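Asks: What follows is a single structure, and I will ask about it in a moment.
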Amino acid sequence: MAFDIILWLLSFGISMGLLSILFYQVICLSDLESDQLNAYETASKINSIMIPEFALQGALTAIFLLTWHWFMFLISVPVTYYNVKLYRNHKHLIDVTEIFRQLNTEKKYRFVKLGYYMILLVIVIIRLPPAARSFYMLSAHNPEIEGLDIRSSFLEF
């Protein structure tokens, strides 16, 4: 049970990180559209955070798979697959010379992902209080439990 609350806290942190990365990308594209940034600055800022975004999404999906949270895993797999597909085809980076032509599609793509990460964050927030409550009830009724003991909950099947 202690592992469950750690899982949901970790998922909350990763979801907030993914949401902030995508929000930053949308802001950079909006600044480019309003001529506050040039194309090179925008492309370099967005390209520098693409790999960390993909790594966080992959880590979140792997965490859900390893902890047998199938519903959350199945929600996370399509975006992870799409990220892997973009990376393998070398289309994950924004080209400086094509950025103005692709600006509207890039913004739409980022807004769709932003909506997806918001839905994911809401689901994680909904799942966090029951995990905390079950951990509290477990520790309140069992005086032997003094803290977070990951070993005992990890070995339960």
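Cβ from N, Cα, C; glycine included.
Pulled from TrEMBL, these are the listed features:
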type	residues	note
TRANSMEM	7-27	transmembrane segment
TRANSMEM	54-82	transmembrane segment
TRANSMEM	111-129	transmembrane segment
Asks: Using a Cβ cut-off under 8 Å, which residues of the same chain at least 6 positions beyond either end of the transmembrane segment (7-27) come close to it?
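Replies: Same-chain contacts beyond the flanks: 45-46, 49, 52-53, 56-57, 59-60, 63-64, 67, 69, 72, 107, 110-111, 113-114, 117-118, 120-121, 124-125, 127-128, 131.
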Asks: Any residues 6+ beyond the ends of the transmembrane segment (54-82) with a Cβ under 8 Å from its own?
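Replies: Residues 3, 7, 10-11, 14-15, 17-18, 21, 92, 113, 116, 120, 123.
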